[in-house]
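Trainee: Here's a structure for you.
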Amino acid sequence: MQFSKMHGLGNDFMVIDGVTQNVYLTEELIRKWADRHRGVGFDQLLLVEPPYDPELDFHYRIFNADGSEVSQCGNGARCFARFVTLKGLTNKQDIGVSTAKGKMVLSLQDDGQVRVNMGEPIWEPAQIPFTANKFEKNYILRTDIQTVLCGVVSMGNPHCVLQVENIQTANVNELGALLERHERFPERANIGFMQVINRNHIKLRVFERGAGETQACGSGACGAVAVGIMQGLLDSRVQVDLPGGTLHIEWQGVGSPLYMTGDAEHIYDGAVKS
């Protein structure tokens with residue numbers, strides 16, 4: 001089975017064409033391929049499928065390194081767009097895809113970057129899903145080591161965002177692991193640690209559900225900016241610096257879609273036995 005290795009700001013992917021070849025996946029196979037010493041090594045596996053909706057171009061599926069399937073990955077979406085173009089699966093500049101929880105438009109820019117319409121942020125707790133009686137801009141979450149104030153949003157996947165004074169000293173791995181599996185997140189969550197530099201610039205580290213801390217998390221950057229705007233901390237255009245590089249996020253507020261722009265790089269092509 002043919003695949004490509006790609007990355008978006010160091011968030012790396014095994015990308016498989018399920019349009020022109022038969023694909024057989026199991027959690028065990030995905031975990032085997034994800035092993036960085038004995039396999040391909042990746043944060044997520046991305047699967048390109050024929051469209052479920054005749055008005056769209058493709059269906060987009062995402063699997064974490066632990067084999068679990070998730071409904072969104074922003075960095076992956078940019079790599080998805082670059083992949084289907086490189087492989088000649090489409091010649092469109094604007095590519096319509098469906099995911100497990102919605103639709104997206106992926107736009108190839110003249111400068112080589114990819115702009116993604118991520119849709120509207122979702123704030124209703126039941127739709128995130130998050131256990132709360134009503135939407136609030138800030139929630140209190142208690143763990144064994146720390147009580148935190150955070151914002152919660154879905155970008156097609158659940159995000160919990162907390163503000164920190166210094167991104168370098170933030171307790172990302174220990175606190176992230178506890179919050180990822182907090183009882184109020186029935187489907188677990190991605191945990192963002194956000195340092196606000198000014199109203200147009202943040203630094204961010206993300207502990208991703210099923211993957212741990214990654215070099216970059218596109219949907220996490222979107223979630224952090226959406227929360228920051230809702231909390232009155234940020235303006236509508238924000239530069240997000242992640243360990244792996246920079247993303248640019250735009251959101252005009254409630255009722256508007258959120259846009260993410262960034263790089264997507266092809267590393268190599270390979271083949272595995274399935």
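Yeah, the Cβs are placed from backbone N, Cα and C, and that goes for glycine too.
Swiss-Prot feature annotations, pasted as is:
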- Asn11, Gln44, Asn64, Gly74, Asn75, Asn157, Asn190, Glu208, Arg209, Gly218, Ser219: substrate binding site (BINDING)
- Cys73: active site, proton donor (ACT_SITE)
- Cys217: active site, proton acceptor (ACT_SITE)
- Tyr268: site 'Important for dimerization' (SITE)
Trainee: Tell me the Cα distance separating Asn75 (substrate binding site) from Cys217 (active site, proton acceptor), rounded to the nearest angstrom.
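Mentor: About 6 Å separate the Cα atoms of these two residues.
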Trainee: Over all shown protein chains, what is the count of other CB atoms within 10 A of the CB belonging to Asn190 (substrate binding site)?
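Mentor: That number is 29.
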Trainee: Using the recorded substrate site (Asn11, Gln44, Asn64, Gly74, Asn75, Asn157, Asn190, Glu208, Arg209, Gly218, Ser219) as reference, state which further residues of the same chain have their Cβ within 8 Å of the centre of those residues' Cβ atoms, listed in sequence order.
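Mentor: Apart from the listed residues, the neighbours are Asp43, Ile62, Val70, Gln72, Cys73, Gly76, Val206, Ala211, Thr214, Cys217, Gly220.
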Trainee: Go through the recorded positions Asn190, Arg209, Tyr268 and tell me which ones have a CA within 10 A of the CA of Cys73 (active site, proton donor).
Mentor: none
Trainee: Would you identify the secondary structure of Ser219 (substrate binding site) according to DSSP, in three states?
Mentor: helix
Trainee: Which is it, of Asn11, Asn64, Asn75, Ser219: the one of these binding-site residues whose Cβ has the most other Cβ atoms within 10 Å?
Mentor: Asn75
Trainee: Starting from the Cβ of Cys217 (active site, proton acceptor), draw a 10 Å sphere and report how many other Cβ atoms land inside it.
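Mentor: Step by step: centre on the Cβ of Cys217 (active site, proton acceptor), count other Cβ atoms within 10 Å, giving 34.
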Trainee: Using Cβ atoms only, which residues of the same chain lie under 8 Å from Tyr268 (site 'Important for dimerization') while being at least 6 residues apart in sequence?
Mentor: Ser4, Lys5
Trainee: Quick check on the recorded positions Cys73, Arg209: which one has the highest count of other Cβ atoms within 10 Å of its Cβ?
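Mentor: Of the recorded positions Cys73, Arg209, the most buried by Cβ count within 10 Å is Cys73.
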Trainee: So how far apart do the substrate binders Asn11, Gln44, Asn64, Gly74, Asn75, Asn157, Asn190, Glu208, Arg209, Gly218, Ser219 get, largest Cα to Cα in Å?
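Mentor: Pairwise Cα check on Asn11, Gln44, Asn64, Gly74, Asn75, Asn157, Asn190, Glu208, Arg209, Gly218, Ser219 gives a maximum of 17 Å.
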Trainee: For Asn11 (substrate binding site), what is the secondary structure state per DSSP, taken as helix, strand or coil?
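Mentor: Reduced to three states, the DSSP call for Asn11 (substrate binding site) is strand.
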